[in-house]
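What follows is a single structure, written as structure tokens, with notes after it.
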Amino acid sequence: MQTFAEELEALRAEGLYRSMRVIKGAQGSRVELDGKQVLMLCSNNYLGLADHPELRSAAVFGVAFGVGSGASRLVSGTMELHEKLEERIAAFKGTEKALVFNSGYAANTGIVSALVGRGDAIFSDRLNHASIIDGALLSRADLHRYPHRDMAALERLLQDKGGNGRRLIVTDGVFSMDGDIAPLQDLVRLAKKYGALLMVDDAHGTGVLGPTGRGSGELLGVMDGIDIHMGTLGKGLGSFGAYAAASATICDYLVNKARSFIFSTSLPPAVLAASIAAIELVDSPEGKELREKLAANVALFKEKLAQAGFDTMGSETQIVPIFVGPADATMEFSKVLLEQGIFVQGIRPPTVPSGSCRLRCTIMATHEPAELEEAAGIIEQVGKKLGVV
């Protein structure tokens with residue numbers, strides 16, 4: 001039997017070993033790493049809210065309710081802040097009700113495995129987040145994965161598979177490693193045509209996309225056609241946790257059936273209060289300004305990369321991949337950039353398929369245009385030196 005140490009050594013030999021880096025201070029557009037200031041190009045803190053004064057103040061207010069929630073909400077009771085946050089999320093997403101989970105992973109595994117089971121069918125985009133796939137496996141429903149954004153292939157599966165059980169179509173709204181957006185209009189149409197529920201994981205769209213930051217569904221004009229809006233509180237909203245926003249019936253069903261909700265101590269008061277403040281801020285004039293600043297930063301950065309000849313893999317959002325290919329070249333690219341003061345992660349298997357390794361750049365509203373221009377120039381220099389462009 002291969003030992004754990006041998007497996008780790010094999011990962012090192014393949015260039016797939018992972019380790020953590022310690023940063024000092026708060027998450028921001030610049031952080032201190034290994035004793036020097038570096039530009040953060042790998043955070044999902046898209047609007048810069050993780051260190052926003054209003055969220056900090058709200059978290060301090062939340063501590064007045066204690067630092068922990070005691071137990072599962074079904075055991076020790078729901079705190080007022082839980083209800084206030086869920087009411088605010090439901091209003092934000094335009095649904096009857098919402099239910100808060102402890103993380104995006106907990107939400108997806110809990111929602112998917114609760115809504116379907118043996119004899120049911122799940123139709124999932126091949127590039128969906130790992131938590132969706134894990135939820136599908138936990139559900140024991142039949143899992144049918146269609147090629148990325150291929151609606152003709154999905155329709156063939158819907159025609160041929162599923163039997164008489166429940167059908168669930170599930171997709172990322174924004175795909176986390178590619179930065180492209182799901183064809184939600186077509187997904188809504190197919191869900192209605194074939195009697196399926198449609199669930200959209202909008203972790204990377206919430207707070208960022210659409211005229212008022214409601215996400216990819218708002219951007220594409222199909223908010224009402226989505227049955228389950230899943231999203232996170234820890235990316236564009238800068239806090240922590242996740243949610244399902246849906247009909248009252250579905251949310252009540254999840255309270256009774258979603259094991260990741262039932263068997264977990266709930267989010268603490270400081271996080272709940274900060275999350276409420278985040279949604280209020282996204283809905284404010286400042287939120288609009290931040291989205292506009294983010295959009296301008298994204299356009300600038302992509303323009304500079306395109307001029308340098310990089311392949312950004314069809315990104316439509318603030319997630320900007322730079323295609324490299326081999327894992328070793330990708331990690332060398334990341335290493336040299338860090339030496340040059342740019343913190344950006346190389347993405348390797350199992351996160352992406354072998355041969356499709358990339359740098360995953362993420363842009364923030366709080367980046368300064370001059371910083372992004374300088375970063376793009378350094379990326380171009382290093383990319384040419386390494387033969388990527």
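Easy rule for this one: first residue shown is 1, then count along the chain.
Glycine is treated like the rest: Cβ placed from N, Cα and C.
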Q | Same-site residue for substrate (record: Swiss-Prot; known: R18, T351; options: H129, H144, H229) | A | H129
Q. According to Swiss-Prot, G104, Y105, S176, H204 bind pyridoxal 5'-phosphate; which of T78, T95, T212, T232 is also listed for that site?
A. T232
(Q) Which secondary structure state does DSSP assign to Y105 (pyridoxal 5'-phosphate binding site), in the simple three-class scheme? (A) helix
Q.
Pairwise over G104, Y105, S176, H204, T232, annotated as binding pyridoxal 5'-phosphate, what's the top Cα to Cα distance to the nearest Å?
A. 14
Q: Measure between the Cα atoms of every pair in R18, H129, T351, the residues the record assigns to substrate, and report the largest value in Å, rounded to a whole number.
A: 19
Q) Taking R18, K235 as the recorded positions to compare, which has the smallest set of other Cβ atoms within 10 Å? A) R18
Q.
Please identify, from the binding-site residues S176, T232, T351, the residue with the sparsest Cβ neighbourhood, meaning fewest other Cβ atoms within 10 angstroms.
A. T351
